[in-house]
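A.B. asks: Annotations for this protein, taken from TrEMBL, read as follows:
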- 9-23: compositional bias 'Polar residues' (COMPBIAS)
- 49-464: domain 'Major facilitator superfamily (MFS) profile' (DOMAIN)
- 1-31: region 'Disordered' (REGION)
- 49-67: transmembrane segment (TRANSMEM)
- 87-109: transmembrane segment (TRANSMEM)
- 116-135: transmembrane segment (TRANSMEM)
- 147-167: transmembrane segment (TRANSMEM)
- 176-196: transmembrane segment (TRANSMEM)
- 216-235: transmembrane segment (TRANSMEM)
- 284-308: transmembrane segment (TRANSMEM)
- 320-340: transmembrane segment (TRANSMEM)
- 347-367: transmembrane segment (TRANSMEM)
- 373-394: transmembrane segment (TRANSMEM)
- 406-428: transmembrane segment (TRANSMEM)
- 440-461: transmembrane segment (TRANSMEM)
Amino acid sequence: MADVEKEVAQQSLQERTATSKDGTSSEELEFDYTEEEEAIVRRKIDWHTVPLVTLLYMLCFLDRINIGNARIQGLARDLDMVQGVKFNWALSIFYIIYLLVEVPSNILLKAIGARFYLPLLVCGFGLVSLCTAFVKDFAGLMVARSFLGVFEGGAMPGMAFFLSCFYKRNELLFRIGIYVSAASIAGAFGGLLAAALSQIPSWGAAGAEIHTWRNIFFFEGLITVIIGLLAPIWMPTDPSTAYFLNERERKIAAERLLREHRSDPARKVTWADIKAAVFCIHNYTCALAFFLINITVQGLSVFLPTILNDLGWTNTQAQLYSVPPYVCACVVAIAVAWLSDKSGQRGVWLGSFACLAVVGFAILRWVENTNVRYMAVFFVTIGAFPGGPGFLSWAMNNSAGPSVRAVTSAYVVTLGTIGGIVATWTYIYYDGPKYHTGHTINLVGQIVTACCALFGILYCARENRVRAAGKRDHRLEGLTEEEAEELGSRHPRFRYWT
């Protein structure tokens, strides 16, 4: 597969460096560089994109899940949500709004540029989180969570697309894996931060006192706004204009992507791009798996403090015991992403770790011992957290062209976000403290996730064999060279990652 891709890239390069209509020679048009130069450019891009995006997504996830930490620190009591399903509705409204804005947000991102659009989203959800500290009742919380969904809806797919504009296919998952691992960092850090902030003495004006759970929302939101305002100073727009590269390095950064993707990165999103993303079978496979992964990841992110609290630990103990599983999940997710990029395989890693999550939920469902159940939480987080960035990257890897990838990233995440809505109803008050229904739903979901990974491997491998045999060459009949390039991932020479 690598040889075929090199052949295609070389052919594309030859086509671009051939003699032009105005008589310019191939020698004048050709631009070449060494692997060492490319490595230097890649390292510079790494330092100026990945840490910043990881920090921004950590803040995004922290502002999303801090409601779970706030719940056991008095939010449920103060807003009359101890019993019933009001808390679940407060979670659901966020994801309903979230999924509606993902695709439109990524199209806006493509038009406006990431340097200012992504920080705008960060400032937006940080401000909403800060304002949540002042809500007085359930209705106010619902409004706040709705606005949080508006700003956070474009964050994850937008950041994934942003990184895809700087990296080749075999470099992408490791970088996305690092930034999405910020979700587990947020889970770990969130527990520690919530335990500390909730201890701050009551302060503020009369009638608007900030205390316990309100401190969590206020200070986490304030930190997010400050970092969002500073983010444009560090964030680049695209490889060809990156401020931290010199002129030759900018050309290398842009050219290496052009050679691989065979598409103009400046091209606007068209209806053809949307159609290519929406009607791709592989995208639906990844979206279904992402949906099921989200049921687990989003559910645990919000309900883990409650689940641990119901194992018999105090509020503060539950916050602190939630840290180690997230730390392990973070390390493993990054390791899996790196190994997946190096091996050139996606499905085998995703399917294997889904099986580990299956074991974890089986233990949570049927074992009574508290210590063993806590061990199962590690199995679940380690098994499920690599799946989100893995399936998203797999879909983006198999989408040709920046415009199609912009739609694909948002579309897959949009369908997957429905899993977040389901997650808000998997663990309800009436099912505690064992939560048999929630654990069973997640157990079945992880089994199906493993099946999706297996189907993805078989489908992509078969399609590659068919193309190698020349059985898709008819797609080129009657097409001009430019029209053939527009085929994207349907081009007979394009090869899927398995």
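The chain as shown is numbered from 1 upward.
Here the Cβ of each residue, glycine as well, is placed from N, Cα and C on the backbone.
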A.B. asks: Would you mind listing the long-range same-chain contacts of the transmembrane segment (147-167), meaning Cβ under 8 Å and 6+ residues beyond its ends?
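C.D. replies: That would be 42, 45, 49-50, 53, 56-57, 60, 63-64, 93-102, 105-106, 108-110, 114, 117-118, 121-122, 124-125, 128-129, 132, 175-176, 179-180, 238-239, 253, 257, 265, 392-393, 396, 402, 405-406, 409-410, 412-414, 417.
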A.B. asks: Checking distant contacts: for the transmembrane segment (176-196), what same-chain residues at least six beyond its ends satisfy Cβ-Cβ under 8 A?
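C.D. replies: Hits for the transmembrane segment (176-196): 50, 53-55, 57-62, 65-66, 69-70, 73, 156, 159-160, 163, 216, 220, 297, 300-301, 304-305, 316, 319-327, 329-330, 333-334, 336-338, 340, 381, 385-386, 388-390, 392-393.
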A.B. asks: Should the transmembrane segment (347-367) and the transmembrane segment (116-135) be scored as in contact, given a threshold of at least 3 Cβ pairs under 8 Å and pairs 6 or more apart?
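C.D. replies: No; fewer than 3 Cβ pairs under 8 Å.
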A.B. asks: Could you name the stretch, out of 216-235, 284-308, 320-340, 373-394, 440-461, with the greatest number of CB pairs under 8 A to the transmembrane segment (116-135)?
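C.D. replies: Comparing 216-235, 284-308, 320-340, 373-394, 440-461: 216-235 has the most Cβ pairs near the transmembrane segment (116-135).
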A.B. asks: Which listed range (216-235, 320-340, 373-394, 440-461) shows the maximal number of Cβ pairs under 8 Å with respect to the transmembrane segment (284-308)?
C.D. replies: 373-394
